[in-house]
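Pulled from Swiss-Prot:
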| type | residues | note |
| --- | --- | --- |
| REGION | 1-34 | region 'Disordered' |
| DOMAIN | 8-105 | domain 'DMAP1-binding' |
| REGION | 97-232 | region 'Disordered' |
| COMPBIAS | 129-154 | compositional bias 'Low complexity' |
| COMPBIAS | 171-194 | compositional bias 'Polar residues' |
| REGION | 182-194 | region 'Interaction with PCNA' |
| BINDING | CYS263, CYS266, HIS329 | Zn(2+) binding site |
| BINDING | CYS576, CYS579, CYS582, CYS598 | Zn(2+) 2 binding site |
| REGION | 614-638 | region 'Disordered' |
| REGION | 1006-1050 | region 'Disordered' |
| REGION | 1020-1035 | region '8 X 2 AA tandem repeats of K-G' |
| DOMAIN | 1054-1513 | domain 'SAM-dependent MTase C5-type' |
| BINDING | SER1061, GLY1065, LEU1066, GLU1083, MET1084, ASP1105, CYS1106, ASN1492, VAL1494 | S-adenosyl-L-methionine binding site |
| REGION | 1518-1537 | region 'Disordered' |
Amino acid sequence: MPARSAPPPPALPPALRRRLRDLERDEDSLSEKETLQEKLRLTRGFLRAEVQRRLSALDADVRCRELSEERYLAKVKALLRRELAAENGDAAKLFSRASNGCAGNGEEEWERGGRGEDGAMEVEEAAASSSSSSSSSSSSSSSSSSSSSLLPAPRARKARRSRSNGESKKSPASSRVTRSSGRQPTILSVFSKGSTKRKSEEVNGAVKPEVSAEKDEEEEEELEEKEQDEKRIKIETKEGSEIKDEITQVKTSTPAKTTPPKCVDCRQYLDDPDLKFFQGDPDDALEEPEMLTDERLSIFDANEDGFESYEDLPQHKVTSFSVYDKRGHLCPFDTGLIERNIELYFSGAVKPIYDDNPCLDGGVRAKKLGPINAWWITGFDGGEKALIGFTTAFADYILMEPSEEYAPIFALMQEKIYMSKIVVEFLQNNRDVSYEDLLNKIETTVPPVGLNFNRFTEDSLLRHAQFVVEQVESYDEAGDSDEPPVLITPCMRDLIKLAGVTLGKRRAVRRQAIRHPTRIDKDKGPTKATTTKLVYLIFDTFFSEQIEKDEREDDKENAMKRRRCGVCEVCQQPECGKCKACQNMVKFGGSGRSKQACLQRRCPNLAVREADEDEEVDDNIPEMPSPKKMLQGRKKKQNKSRISWVGEPIKSDGKKDFYQRVCIDSETLEVGDCVSVSPDDPTKPLYLARVTAMWEDSSGQMFHAHWFCPGSDTVLGATSDPLELFLVDECEDMQLSYIHGKVNVIYKPPSENWAMEGGLDMEIKMVEDDGRTYFYQMWYDQEYARFETPPRAQPMEDNKYKFCLSCARLDEVRHKEIPKVAEPLDEGDGKMFYAMATKNGVQYRVGDSVYLLPEAFSFSMKPASPAKRPKKEAVDEDLYPEHYRKYSEYIKGSNLDAPDPYRVGRIKEIFCHIRTNGKPNEADIKLRIWKFYRPENTHKSMKATYHADINLLYWSDEETTVDFCAVQGRCTVVYGEDLTESIQDYSAGGLDRFYFLEAYNAKTKSFEDPPNHARSSGNKGKGKGKGKGKGKGKSSTTCEQSEPEPTELKLPKLRTLDVFSGCGGLSEGFHQAGVSETLWAIEMWEPAAQAFRLNNPGTTVFTEDCNVLLKLVMSGEKTNSLGQKLPQKGDVEMLCGGPPCQGFSGMNRFNSRTYSKFKNSLVVSFLSYCDYYRPRFFLLENVRNFVSFKRSMVLKLTLRCLVRMGYQCTFGVLQAGQYGVAQTRRRAIVLAAAPGEKLPMFPEPLHVFAPRACQLSVVVDDKKFVSNITRTYSGPFRTITVRDTMSDLPEIRNGASALEISYNGEPQSWFQRQIRGSQYQPILRDHICKDMSALVAARMRHIPLAPGSDWRDLPNIEVRLSDGTSTRKLRYTHHEKKNGRSSSGALRGVCSCAEGKPCDPADRQFNTLIPWCLPHTGNRHNHWAGLYGRLEWDGFFSTTVTNPEPMGKQGRVLHPEQHRVVSVRECARSQGFPDTYRLFGNILDKHRQVGNAVPPPLAKAIGLEIRACVGARMREESGAAVAPPAPEKMEMTAAAD
């Protein structure tokens, strides 16, 4: 037993003296560092503030690695010695007493803190008799000490007893005797465990404190000099500019920016107000071994054997428990501490396993059970209860109720367990849901009774994301090997990204396990697809070879590309050798055919990455030439053939002698026969062509080949029938020697009874494959990917011998494209004037109004340029620590880059300049036009535009000359007071209609009455100029106004079946276009079906599985189980719908499993509906990615089915924002028309829109396809903005729930006037918004109102929430490798991953205004731009989703000025639904109905194109004039027809 040192000074409280004496006893087991740590921890509370500040600064320096540990320890010792010596040993001044100067308060306080909170632990630690405890202690200390503060705060428990530095030596007993000077020792003696030399000097009394302090001061100065030298050396090796940076950085790194200290064990912040200490055990509490032998816990009689084997542990329950670390800090047990071998203990009342009563009665009080070796969960079997348990060296304990002090910590644990339970059970049956849908489920689930929280929130989901994802991984591991993992569902991938979850942590390695995981039966998904025989054969038989080929390619690709991450714990463990995959491996004696990874080694990172790649479609499509001509690729090979003409020439035109027949190698060919041509590359198939003419001239024996296009060269690619050819407009002259042989190409016209043959058992093969027989049904447009009925053209008798359909069509197209002038008038001033010019088949006359490119002319009035973003001002980075992430100027949803709409002018003159030879230069046509001003072009700028009608113009007498090539189309402009109908009716009567009421004078900035020559369209001959008056008489006002007058034939509405109808957006648009009457709709989701019924009371709405209904119809049933009449064959004239694709959109390649999924998908069911009913028109609407799924295989198979049925078809991508809504929404559209109908074109855009959102081309098999749209850069009308959409709606608060309110004002914009319609007593419905949690509401309140604001503008402050609680400040605890420090020297990292290390669960923070997860993962995800973002008044909505969440995919969902998310009605308006449109269900049901719908204005634009095709066919058949595309409101009507 070592001798005791002199007692501490009387100024120290007695309890502290006792602790210091205990420490002296244990000195042989502690290193110098640990001794210093513990003594300083005990006395630090009594040191002066100045000394404490110096110590904090040293702490910060060592933590930032600016100070080595050796220098740090020396400086601390020197600092303390100097302070003691300065006072001549007067220890009293070192202590900061209470304000009244009484030391008693300090003593009481210390007693309370030491004994009250730690006292019980102290006794336990002093005993320290358990060998297992001490061994694990020493092994674990080294892992935690390196990353934590070296000197913890005063209340921390005793430091670890591992001799990390090894420099503490046991001094001889004789060296610790009381000093002979007789002076009372000070605190200095407490810190006198220096070197042996020092102690021997003390024994002799040779060194006084002052001298010692001076010596230490010198040592410290030496160390500082050494440190400065090192710094200087480092700086001098750098360039001059870098030296400055270094110096500045040193200056700015002030000690104030230090990281708060953490406990080395539980990793909690020592200055955290929520840090709690274990209050101690009662006196009667027993040790674990003693407690386990207590008879109250025995469940066996004396005669029974206790356990089956010695390996079995007894099981008990524990109630009123607390979990704490060695220092007495209450701490959670799920943050990775147990896994890192940190010793956690628990105390409580232990009860027998059969006792379900959580009260203390009948329990045995136990203390310091543990350390905990593992924790686990059981009872995950679909019931309400989920149990948690601990395993120690002696027993298993199932947790019942926590102690009062531990309850808040344990509540979080329970929350995460119930949260994961909700997620797993939700995803079993809903694999295709989005992140927003999962949030909806979580937020609407009521927590079990007895928990101390009343709702689940997004914050709690993100808080527990790591745990939840691990539960999902565990669930997947228990699944079948061929089941797609739940982990790669869209919502889980979004959660992983947002929360920065680390995948692949193995439960075997972690000391956490799911005990007896119960496998929950997974939902089998939708019913098996009902298919017609034709569709079935195409999908099941025809492509089996293709699938095998894809799988082979997949294997190759796997070997090359698909590498496991190699980092996660899953990748790093060996194969198990037991699972099916391992048993198939060669090394385990298997065949090696399956090539599957061990089931225990399935890399989750790889699975998630692949799923992410499949979902992304690159907006920036690589520049590729449009495949206009494939003839450049036809490299042909000449054959050595014997060629001789048969008969005499049938025609001769001097240079050429035309023949009807030729003999090639004893085979006779005639004009009109089809031949094969050998390709240069023998591995390629033969080229096929029709011989349209044969002749001989100076080039030799020639023929003209009209090429056929094989199906594999179309968009169908490998899915096409190998024997099917397509006509194309491509032809070529070539020598007869290229011909390989004669082939038979048969035209297969649609049968007479085509419409009624749907669903019959048909043979899939059209012709027998004899190697020389082919067939064709369609003509194919290679640029637009359009399959159409072959064109009919009869050759004239005089050119029959050389008539080529391709030449004729190409000549016609070229002829149309070339601009021409006609009807010459007068000549003068070196110009020739004309009455008319034509381009692209459109006539332009003097007096017509025309669209011109925006750059065609400018205005003399320079309007105020749109407000650019204000320049960035300096931001207080301590208050707004995330603002530095906003370095990009681009804001999603901004219209700053939106182009101007077309200029509008009225033609005054059409002329060509006369050349020197006296002839007009007709290749360069010019127009003299009068300019029209739009409201935004006047001095009033954009403000005038907002309130004005979108088709309002102002006349001006300004004239300008433009090139005819700048003309983009014709429009109608009339003087409003000359109309015989209202301006509203006129505007709704057709496309491209404008009006003006005033003239604008740019010089005086005034509005005037328009002059006579502007308004009097019928006044012929007035005004100057040659024939202009006459021209005006034939202006568009007159000739175009006459067109809409109804004639005898009215277009009937198409009887429509809307499958997957939702709430009816597609049908609503078609009704507005006047093209259809929806008689039947199918919608399985009840709330959406009810909404459809509310808006379409005459429609039969089926709320059944579409497969069941089709089966009923195909089996001859007339009604369903509810007695609703089913549509029969021949009833349906138009079929439309948007089948969900999520079931097979996950993986980008087909293999046998995903292929079978696609065969059972709703797309296949929808195609079977089309095949059975054979409607006149078919429309499939889907997400933009539909055209890219599975390397476009889904698109190809869809088109392949339609072509085989006999349909003309095409596809394209449209942007809803270009048709009159303030929202970006790209949609893939597949259109089909029955034989005999005209295949509709895609509608031309009506509005300009942000160019980034208008990239609508599609790349399939490395070929770029575009739709027929020509208005790619501009449009007739300006873009619709958020202000246009919703500025008139009354203000509401977060959580507003009044279903009907009044408007409180008139509509302010043109869009609002259209969308409100003409209600008799206007009522505003569904202007309601989600009630967000208190924390989310506080975040929304602190998002600034400036454009582009989002989470990065949140201040880092504490805020009192509406529920009475307060938020915390986000702590920045790590150095950010990528972004460095802030301008004030503050840290920017919130997790150890910022420094390049693995994530540490202990770094997670919650309840902060800045969500911790966003800076955590921001660097990897574009800084999460747009989350918690506000909409911009002059911008547009992101794609409206089914559930507006501030942290969801849609991003910007906050109102521009109000502190809430957008309301249901605002979302409905962003989709273009009229205010009269009814929705059904709760608020989330309504959001989902709106988010899933097709925007009615987009559907209307498509509907008008279909209507035009119906009218064109009727005109052809009857020869009579038909009413043109029907009365059409400018963008939308108020309600359904």
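Backbone N, Cα and C atoms are what each Cβ position is placed from, and that goes for glycine too.
DSSP assigns HIS329 (Zn(2+) binding site) to a strand segment in the three-state reduction. Cβ neighbour counts within 10 Å, taken over all protein chains shown, single out CYS263 as the most crowded of the binding-site residues CYS263, CYS576. Between the binding-site residues CYS582, MET1084, CYS1106, CYS1106 has the most other Cβ atoms inside 10 Å of its own Cβ, all protein chains included. Neighbour list (CYS598 (Zn(2+) 2 binding site), Cβ cut-off 8 Å, at least 6 residues apart, same chain): GLU575, CYS576, CYS579, ALA581, CYS582.
This prediction places the mean pLDDT of the region '8 X 2 AA tandem repeats of K-G' (1020-1035) at 35. Spatially, by CA atoms, the binding-site residues CYS263, CYS266, HIS329 include one closest to MET1084 (S-adenosyl-L-methionine binding site), and that is CYS266. Here CYS266 (Zn(2+) binding site) is positioned 58 angstrom away from LEU1066 (S-adenosyl-L-methionine binding site), judged by their C-alpha atoms.
Annotation note: CYS263 (Zn(2+) binding site) sits in a coil segment as assigned by DSSP.
Ranking the binding-site residues CYS263, CYS266, HIS329 by Cα distance from VAL1494 (S-adenosyl-L-methionine binding site) puts CYS266 first. The separation of CYS1106 (S-adenosyl-L-methionine binding site) from CYS266 (Zn(2+) binding site), Cα to Cα, is 57 Å. Each of the binding-site residues CYS266, CYS579, LEU1066, VAL1494 was scored by how many other Cβ atoms lie within 10 Å of its Cβ, and the smallest score goes to CYS579.
Those same-chain residues not listed among CYS576, CYS579, CYS582, CYS598 yet with C-beta within 8 angstroms of the centroid of the Zn(2+) 2 site C-beta atoms are GLU575, GLY577, LYS578, LYS580, ALA581, GLN583, LEU599, GLN600, ARG601. Mapped onto three states, the DSSP output places CYS1106 (S-adenosyl-L-methionine binding site) in helix. The separation of SER1061 (S-adenosyl-L-methionine binding site) from CYS263 (Zn(2+) binding site), Cα to Cα, is 59 Å.
Ranking the binding-site residues HIS329, SER1061 by how many other Cβ atoms lie within 10 angstroms of each Cβ puts HIS329 at the bottom.
Put simply, HIS329 (Zn(2+) binding site) is 60 Å from CYS1106 (S-adenosyl-L-methionine binding site) when counted between their Cα atoms. The separation of HIS329 (Zn(2+) binding site) from SER1061 (S-adenosyl-L-methionine binding site), Cα to Cα, is 58 Å.
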